[in-house]
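Student: Let me give you the structure first, and then I'll get to my questions.
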């Protein structure tokens, strides 16, 4: 990385995401096999456009309130900017640049024609009335509408922005633009003529599990009966948990910003009814600490990772950097062999390095003929790409002025997640310097699973996304 000079210490979240991509491509053979791509690196790490604006709105007491609004239009080489809107008090430019940067490569991995962007506001919807949220969304769109469009920039939801907020935003856009441009926002309701997509609320959680299933098949394992630690309790966590339950896995935990809810007895894990109740709780802005059930233990101010007696699979589904190196150590001690992110950059750099070291140690045991300590990690840009994938499928449906059946969308989602997995495995084996030897496979088949080396999904996903976007940028003359 020494030949590339970047700033540090100013935007920590963005710098973490940027440095991971830079590390993956510079420590691999990408630039040896494609030397011209090196010239793209200083260009791709800078956003094409950053929009910052004032959002002035009126609360229920008639007071004037002011928040910051943002849209980071990071890269449009493959298609219109695509990425969510986040309403949360932690929102700042560093976080949105990190999310937008990750989105570039995540979107490229889907194989669909979408670029990368992100936006939002430091507005906190949790203590606001429905009318205050409506007025804020309308005020936010008063500026945002100038910068978006079905072929320009297509926002979606994220933390603090669900179907209700998308409805308010779309209504304001329609009035301001004086046209019904269905493709301008995704995550719309499937009712009321809004041309949303089936499976969109479920997509990130379902896609995460489809990716995990590919990992398990590659490892020669089955998901049935596996103990699963899940963090978060929003859409991603809820639908990941539901899919796990459907597949016969045992969901041991969920969490929110106030603490973790842990199963006391694995014989009495989370059920569909529990998840449905939590979904209702979240709609009315409640916390998991309100759940009074003898089957669970409430741990205020904690995450699940260090508080479970048995874990096979851990799925961070809450927010960035929620999984640190000491969390990884605690999980491995109780049997965890797979961590896949449902959140964006859910693991700290220290955690990623720890997990990659565990994977490499396993590969060394395979080479020595004594496989032991199997462990694999999937980064969010690969494993949580299902949400944006179905958003792009929603855009396709909007262009056709039709709505696909849920079964078709679900099949497309499953296929996309499998393709992302296979491309990440293939490009990791092709470009990384790790001596994986003949034991590495090219796809999620069962052949020789018990003795297969595990390629780096971190490098594989980063390299796959980078090559796709860099080549598109070259064709457009963004670098030469």
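A Cβ is built for glycine as well, from the same backbone N, Cα and C atoms used for every other residue.
Take a look at what TrEMBL says about it:
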type	residues	note
ACT_SITE	118	active site, proton donor
BINDING	82, 103, 106, 157, 391	substrate binding site
BINDING	204, 235	NAD(+) binding site
SITE	158	site 'Important for catalysis'
Student: Reported as an integer number of Å, what is the Cα distance between residue 118 (active site, proton donor) and residue 106 (substrate binding site)?
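Tutor: Pair distance, Cα basis, whole Å: 12 Å.
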Student: Applying a 10 Å Cβ distance cut-off over all chains shown, what neighbour count does residue 235 (NAD(+) binding site) have?
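Tutor: Neighbour count, Cβ to Cβ under the 10 Å cut-off: 25.
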Student: Where residue 235 (NAD(+) binding site) and residue 157 (substrate binding site) are concerned, what is their Cα separation in Å, rounded?
Tutor: 11
Student: Excluding 82, 103, 106, 157, 391, which residues of the same chain place their Cβ within 8 Å of the centroid of the Cβ atoms of the recorded substrate site?
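Tutor: Going along the sequence, the neighbours appear as 83, 84, 107, 114, 116, 156, 186, 387, 388.
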Student: What's the number of neighbouring CB atoms sitting within 10 A of the CB on residue 106 (substrate binding site)?
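Tutor: Looking across every protein chain shown, the total is 28.
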Student: Would you mind listing, in sequence order, the residues at least six apart from residue 391 (substrate binding site) in the same chain with a Cβ closer than 8 Å to its Cβ?
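Tutor: Set apart from residue 391 (substrate binding site) by at least 6 residues yet with Cβ under 8 Å, we have 82, 114, 154, 156, 186, 187, 197, 200, 203.
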Student: In whole Å, how far is residue 158 (site 'Important for catalysis') from residue 106 (substrate binding site) when you measure between their Cα atoms?
Tutor: 15
Student: How many Å separate the Cα atoms of residue 103 (substrate binding site) and residue 204 (NAD(+) binding site)?
Tutor: 14
Student: Given the substrate binding site residues 82, 103, 106, 157, 391 in the record, what is the largest Cα to Cα distance, rounded to whole Å?
Tutor: 16
Student: Would you kindly give the Cα-Cα distance separating residue 204 (NAD(+) binding site) and residue 158 (site 'Important for catalysis'), rounded to the nearest Å?
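Tutor: Distance between the two Cα atoms comes out at 11 Å.
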